[in-house]
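Some notes on the structure that comes next.
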């Protein structure tokens, strides 16, 4: 129901006139909606997306919820349990029902809804009419229709057709009034009104109601339901061995023809989804019936497809360049949902996507051009090659499909098939002498694409037919480079013995094939490259050797191999990170031990920002590595450029166990950074209560920083109540201000931290002192409109 509120939302965004700052919008949608293309443009917000299904209600929460709707004496849990995906809607439907009805509801939701709807049909045809209309138009019934206001002629015709089914003279005003009165009552509970829209209370109710309604009024639904509904919800009984699933069943030949007539109507209106993405296409018998229907009306179908092509060309002429570039779901061409939401009007490409050869033959017979391209330059052959539809590729090639066509990214059918590893299709295209040297916009040839995808067999096939394995893509990646990156061991071995020029060929970032193999930890490939005399000291653009990369990625087996053949263990990258530093950074304890055994002098080597291995391990919280470094005599007080010690950063990042170990080994717990901030100050600022407690227990100093800000003041600023109370109990600077004249009570009042204010008052914090702007804590609370704090301070003044 967003559409009814979107104007208000946009107005808020534009005017920014809200009583509070930092407003966030929370949208709730079904998974099928979130999967649509429109949400793919919000990748930057992906970290805020929560799948509620990952956080199901627990048993206690379900019990509390159900008691809001049904009698507490009901013992549903013992009888049926709560294992259902629709628990909230079950509770809602259960409200006001008898004990027997509730038991039936929890036993089988679908059957219960069916029974209820049939009862409504018998008792109140007006209510059932509203349900039927909501179902017919995809859970989207506009209430204004009852006033005779229609958005289209189709909507109007459907409305009056249903009226005739129910024998209502809704041309008369009195009938419309009766329906609106029924709507206002909504006593039957399965639909509700939100602004101008009438809809079901839950998607599950809609699904059941739609099937029941469609089965009860077959002709009406075939004629007026949406093209997506037609495509997804029907089955032919004559060709189905076993009735499974929730579908509308078409039971005779006459209605089958009406169904196919409806598909032709959709085509005439420019809609291809119901014909060429129909859910029954999986059934060979259905496809035979559909093809027979079309062959019997060949001239009509040819005319419809010709008209469809004219509509498509008109659409392409009218669309602006910005719209084309925004069509991401069609570019990716990986999911089916976009076919129902966008007017493709490309039957042969869409059918190539589905992969049914008999439908492709039908379209070719209907005189469709097999080389027709979409707005992105792709032909049916490229689409079928990409998706591995071998039978379709064969048919297209037999019907003179042009395998030399390139799409707008300069991708050929051969390149598409090679990238996906479709061996049979690659073979078919190579038999037609498809060009193995064509390059796409990123510089990929078919053999490079095969290597990138890890498709060794395809890569061999391409080489055997003359593909050039020495070429590189636009960023300098060779076939050997990509084969190492994607663990194609056999092809690596083949390439090493085919071209010695590839062995040490680096990409534009200086990464070599050996660097890739070390990064991936593929010991067999590393050994193959080393046996071929690959350079073990090549550095990339960051100054990293293969050994450095292996240490960084935690590939300890590769590290052992490289150090045994003499790789330089004293190497650094351009930021002066040593092997030991980078291993500590990434928590690779086994490699840390190996490096120290090889050369213990690395223990206190620092990077360009003066961070030592111990400093880094302490910051990251790797307790085992910290212990190993200390046992190897690491300098426990070595500071970085900001005069922070390992103990300081352990406290700052809340690494309690590391802090305890460092303290035990003699670390100074009061050493401050260059700005006078102590470990206690840092822990208070970051909210690490356990670390603060540890420091207090070990008699740390409550020193101020260079701005004369105390740990208590910063805890009050950040609103860390428990930490503040720990410090208040120690009377650590309760009435001490910083250079700006700010006291703990001022900060707590400013932030609205009521509990901290109370704790300070209880410890006799001075309420009369003023900050640099001549404000008392009471003034601040009044200005910030924190009435609870204001009242608390006034009471204390009295």
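Using N, Cα and C of the backbone, Cβ positions are placed for all residues, glycine too.
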Given ranges 250-277, 278-305, 306-333, the stretch to which TrEMBL attaches the annotation coiled coil: 306-333
The repeat 'ANK' (376-408) [mean pLDDT, rounded to integer]: 95
Positions on the same chain near the repeat 'ANK' (675-707), where near means CB under 8 A and six or more residues out: 642, 647-648, 650-656, 659-660, 663, 669, 714-715, 718, 720, 722-723, 726-727, 730, 732-733, 736, 738-740
Structural state census, the repeat 'ANK' (740-772) (DSSP three-state): 17 helix, 0 strand, 16 coil
Contact set, same chain, for the repeat 'ANK' (409-441): CB under 8 Å, 6 or more residues outside the stretch: 376-379, 381-382, 384-388, 390, 393-394, 397, 403, 447, 449-450, 452-455, 457-458, 461-462, 465-468, 471, 473
Cβ contacts under 8 Å made by the repeat 'ANK' (740-772) with residues that lie 6+ beyond its boundaries: 707, 710, 712-713, 716-719, 721, 724-725, 728-729, 731, 733-734, 778, 780-781, 784, 786, 788-789, 792-793, 796-797
Helix-strand-coil residue split for the repeat 'ANK' (442-474), DSSP-based: 16 helix, 1 strand, 16 coil
